[in-house]
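Undergrad: This is the structure I want to talk about, given as C-alpha cells.
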Amino acid sequence: MNILDYDTVALDDSDSALVIIDQTKLPNQLEILHLHTQKEIWDAIYLLQVRGAPAIGVAAGYGVYLAAKGIDTEDYAFFEQEFVKASDYLNSSRPTAVNLSWALKRMKDVVIAGRGGSVADAKQKLLAEAKAIQQEDIDTCRRIGELGLSLVKPGDGILTHCNAGQLATSRYGTATAPMYLGHKQGYHFKIYCDETRPLLQGARLTSYELSSAGLDVTVLCDGMAASLMKQGKIQAVFTGCDRVAANGDAANKIGTMPLAIAAKYFGIPFYICAPSSTIDMSSKTGRDIKIEQRPAEEVTEMWYKERMAPKDVKVFNPAFDVTDAELITAIITEKGILRAPYTEFIKAIFK
Ligand SMILES: CSC[C@H]1O[C@H](OP(=O)(O)O)[C@H](O)[C@@H]1O
C-alpha cells in the first residue's frame, strides 16, 4: 500500500484505541501503533510519532474521547472533573501548535454543554465531536489546496519546509494541498523540500509522501534554499504553520523565517497555509507565541551512529521560529486568501 492510503490518525474499529503511523520510523519502516493509555498518546505527540498542528489536534480530540470513555461513573460532576484532568494532561505535551488546545477546548465545550444530561450521552457527543474535528480538517485542507492552486501555474518550482503534508493532517496537508490538487490536474510542479534539520521532516516525510504520489520532488539541505531561489528555480514558497498571531505573525518549523527573508530578497511570493483553527487571537503578535524547546540530542546525535558534536557542548534547539507578517505575501485559509494588513482580515474572519 501507498503511505497516502493510510490514515494519519484514526480510532480502531471498536473506538477503543488511537491508531497512528509512527512517523519517527518513516520512511524506512511503516509501523502502525495502537495507543490505549493517555500516557501512550501523550508520548506519541511529544515524540512526534504523530505530529503536525492539524494532526495533533485530531489526535487530541480522539485521545481525550478515549479518556472520557474510560471514566466509569454516572456522576456528571465527577465525570467533568476527570475529563478536565485528562484534557489538561494531553494539552501539556507540546506548547506551540494551537490546534492541540483548540481541539481540546472544543471537546471540553461538549462536556460543559452536557451538564444536566447523562454521562453516557456526553460520551457519545464527544465521539461525534472528535469525528467532526477530523472531517473539518479534511474539508479545510482541500479548500486551502484549491485557493493555493490559484496562486501558482503549471510547471512552477515550489519550495516547502518541514512537513505540512498529509502526514501533518488528516488528508491533503496544508502546504502540500495545492501540490496534490495541481498534480491531479496535470500541473507538473517541481517541488523542492528542505530536509529540515534536526528532525528531517522534509527529507523523511514530505519527499516520501509527495514522491509516493508521483510528484517531481528534490530534497535539499536547509542552507541551500537561497541558492535555488537565486538560480530562478523557485516561483513560490508554501509552508504550513503551527500558530498565527492576530497580526499575521506566523510560527512554523524552525528555519521558516530565514526562507521568508530570502524569498523577500529574491522577490518570490511566500505563502503560509493556515487552517483558521491555527489562528490564535489571544496571541497579539508573534512575541506572544510560546516556542517549544526540544532535547539537545536531536541536534547532536539523532541521525549518526556517533555523536556529531563534542559531549556537553551547548545546543540551541528551538523547534519553531516566527515569521513577521511583513515577510508573508499571503496567508491562505479555508475562508479566503488573507493579505496585509492581516489584523483587519483576521478580525473579519472572527467577527
Ligand atoms: C500542517 S502544519 C504542520 C506543521 O507542524 C510541523 O511541526 P512538527 O513537525 O514539529 O509537528 C511543522 O511546523 C509544520 O509546518
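Glycine too: its Cβ is placed from the backbone N, Cα and C atoms.
Bear in mind that TrEMBL entries carry predicted annotations, made automatically and left uncurated.
Found this in TrEMBL, in case it helps:
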- Asp242: active site, proton donor (ACT_SITE)
- Arg51, Gly52, Ala53, Arg94, Gln201, Asn252, Lys253: substrate binding site (BINDING)
- Cys162: site 'Transition state stabilizer' (SITE)
Undergrad: Let me know the most crowded of the binding-site residues, choosing from Arg94, Lys253 and counting other Cβ atoms within 10 Å.
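TA: Output for this query is Lys253.
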Undergrad: Of Arg51, Ala53, Arg94, listed as binding-site residues, which ones have a Cβ less than 6 Å away from ligand 1?
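TA: Checking each Cβ against ligand 1, the ones under 6 Å are Arg51, Ala53.
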Undergrad: Say we define neighbours as other CB atoms within 10 Å of the CB. Which of the binding-site residues Gln201, Asn252 has the fewest?
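TA: Minimum Cβ neighbour count within 10 Å, taken over the binding-site residues Gln201, Asn252, occurs at Gln201.
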Undergrad: With every protein chain in view, what's the tally of Cβ atoms within 10 Å of the Cβ of Ala53 (substrate binding site), excluding that atom itself?
TA: 28
Undergrad: Taking the recorded substrate site as Arg51, Gly52, Ala53, Arg94, Gln201, Asn252, Lys253, identify the other residues of that chain whose CB atom sits within 8 Å of the mean position of the site's CB atoms, giving them in sequence order.
TA: Leu48, Ile56, Ala97, Cys162, Asn163, Ala164, Ala168, Gly240, Asp242, Ala319, Phe320
Undergrad: What subset of the recorded positions Arg51, Ala53, Arg94, Asp242 lies within 10 angstroms of Cys162 (site 'Transition state stabilizer'), using C-alpha positions?
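TA: Hits: none.
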Undergrad: Across all chains shown, how many C-beta atoms besides its own are within 10 angstroms of the C-beta of Gly52 (substrate binding site)?
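TA: So the number of other Cβ atoms within 10 Å of Gly52 (substrate binding site) is 31.
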Undergrad: Show which residues of the chain containing Arg51 (substrate binding site), separated from it by at least 6 in sequence, have their CB under 8 Å from its CB.
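TA: Sequence-distant Cβ neighbours: Gln23, Ile45, Asn163, Leu167, Ala168, Gln201.
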Undergrad: Tell me the Cα distance separating Ala53 (substrate binding site) from the residue listed as 'active site, proton donor', rounded to the nearest angstrom.
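TA: Between the Cα atoms of the residue listed as 'active site, proton donor' and Ala53 (substrate binding site), the distance comes to 5 Å.
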Undergrad: Helix, strand or coil: which one is Asn252 (substrate binding site) in, per DSSP?
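TA: Reduced to three states, the DSSP call for Asn252 (substrate binding site) is strand.
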Undergrad: Please classify the secondary structure at Cys162 (site 'Transition state stabilizer') using three-state DSSP.
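TA: For Cys162 (site 'Transition state stabilizer') - judged by DSSP and reduced to three states - the answer is coil.
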